[in-house]
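Below is one structure, written out as structure tokens, with a few remarks after it.
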Amino acid sequence: RYRGLTLVLTFLCYTSYHLSRKPISIVKSQLHPNCSALGPNPRNDSNSTVWCSWAPFDGDNYKELFGALDNAFLVAYAIGMFISGIFGERLPLRYYLSGGMVLSGLFTMLFGLGYFWDIHVLWYFIVVQACNGLVQTTGWPSVVTCVGNWFGKGKRGLIMGIWNSHTSVGNILGSLIAGVWVSSSWGLSFVVPGIIIAAMGVICFFFLVEYPEDVGCSPPLHHTASDEDFPGGVTCTEKDPEAIISNEGPLSISGQSNMDHSNSPKDPAEELEAISFLGALQIPGVVEFSLCLLFAKLVSYTFLYWLPLYIVNIAHFGAKEAGDLSTLFDVGGILGGIFAGLISDYAGGRATTCCVMLVIAAPMLFLYNRVGQNGIGTSIAMLIVCGALVNGPYALITTAVSADLGTHESLKGNAKALSTVTAIIDGTGSVGAALGPLLAGLISPTGWNNVFYMLIAADILACLLLARVVVKEVRGWCGYMARKRGYVR
């Protein structure tokens, strides 16, 4: 029951994070719409063709200003993420997460209140976006750490693949909620999501359980010979059978918790010190997956922030219709995350799964740009396929891979690395998330074809950065198959 509560609650928490990030991509087309399509200019004293635009986004440089807005959030997010993981290891996660959500709601609402307060200065929107980016770094390390505290490695890829659909669900809900008011009162497209995430922060404060030991449950086994027989590994019994089969030695968390502290559960923070930043970097695979995520997230966030505007410009849909259609990319992301988790669990190769999906994603992006707008059916199919291939590796790295590396064998049972490792991986990825929309804003005036060439190049680089880990996995498979067939004794 507690594991189910943790999954559902962290799912809803991070859904609200992405729900509050999505409105800016929907509202962009309303801040600088095609005024001539709205009829004659009601301002008889002006012949301006941008009479319906919202200053300061009414100039010819509006795409660059949109890029500045995106980067105010994303650069602050990338910088803050490296710091956030360190705080997440050392502060109560419940306070840290719920406080960050309430502040995220406040800054999201402040952006929308600029509409009602009739604010037309760029610095206001940039400062609000930067502050929002900083406080939103409280989310990802906290929720991954909570889930990692409750679930072992056995079915982690599938469980976290399904759980990670909160990203796409949040994007979809954010698009739909923002779309309700985007044409009539775009300020509410921010205010309502801001209220939702703040309310979820209050719920998180009262109901989140950080550690199994807090409620008399034993922690999961992350690395044992019996992972297949005991996936997940959490039981709420006083004598956990998994503690008997654990062969992790004297540093086994499960063994300590059940044999020495079964009657008085102890916070893990009292037993093991949090890992340092440099110590986390030395865990095998952290650097490779971090750099891969940089380019994978570059592609994903470019779609997150620019896809509705691309659809408006190329397919000539309205702002609401483009926002609704863009949600199909996130539907594909849900399917891709689940598929990537399932395959990586079955095959035992996280890096290889990511690499294969990235290789296939490159030609699919090219096809979407060429034929994706030829018909509504083709557009729907291509958006779902591209969403699955782009977001599948991104989802796998930020969830199962981060949890695997945060509980790596080299840590000898110390789970106080989860938040730091997750922050390093996602923080590096967030650098790409900041670069993607910025490059899109700079390149899009030269043509959308060039934007897609940039995305394809990023996909290929992401794949190449995993080459060493893929080779290691393939050699492991070959050795396993040789032993299984009796060629090696």
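Just so you know, glycine gets a Cβ as well, placed from its N, Cα and C.
Taken from TrEMBL, the feature signal peptide covers 1-20. Look at TrEMBL and you will find 9-475 tagged as domain 'Major facilitator superfamily (MFS) profile'. For 65-88, 95-117, 163-182, 188-209, 298-319, 351-368, 380-405, 451-471, the entry in TrEMBL reads transmembrane segment.
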Answer yes if the transmembrane segment (298-319) and the transmembrane segment (380-405) have at least three CB pairs under 8 Å among residue pairs 6 or more apart in sequence, and no otherwise.
yes
Among the recorded stretches 65-88, 188-209, 351-368, 380-405, which has the greatest number of Cβ pairs closer than 8 Å to the transmembrane segment (95-117)?
188-209
Mind pulling out the one from 65-88, 188-209, 351-368, 451-471 with the most Cβ pairs under 8 angstroms to the transmembrane segment (163-182)?
188-209
